[in-house]
């Protein structure tokens, strides 16, 4: 068994170390992760500067590591096409410090790395702990191990990965596992405007959650109730329910320029 680990918190983050320890007796571990924190980079990739890779040593002889000066998606691409002699059986991204709930998944480097794994046809999982100052990743690591065993035994459709959010609670207070849909978390952005010593303006961006859809069955509702949330996500973003409606707007497939072309023909004949 070969497992590829990555994250967006950086290769030295405690969450990714908790993962390679939990899989120590089960698989050969390949860690390919950013050399520094790359949170909220989404599915960005690096195409305008070189990617540099540093080979790292781990105490575990079954664990092989590379630090990359790129995004989480870069890390998965490099692992798949350059660094690993054979493709992994599973890609795991995490354990992220902080939740990836609802619309967070659109910005998350953690989630995007798992998405990249699925694009390569490899079963993938993104894992986050809801606390920002978590000192113990044990429950999240154990949950990941359980889900990976299920994933190997049962499989998923090829375009789908699992987004997992684990409450920052002791094991005895975890209220089970719920399979959920995405909720919604909208942010009020905050821009701290500053001036550098040369008089140029710059900004620090932050934000606060101000609009939450935590309806029944959502990932947000589950973690609020103390349960582990497991959300199947796929990369087909098509809103199938609106295909016919939008088609009707556009004349059911006829050329949107038909009327304009007729007018041009009339004008051409008139001038002739």
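Heads up, the Cβ atoms here are built off N, Cα and C, so glycines get one too.
Residues or ranges marked as divalent metal cation binding site by Swiss-Prot: 8, 9, 39, 96.
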Within 10 angstroms of the C-beta of residue 96 (divalent metal cation binding site), what count of other C-beta atoms is obtained when all protein chains are considered?
31
Measure from the Cβ of residue 39 (divalent metal cation binding site) and count the other Cβ atoms within 10 Å, all protein chains considered.
17
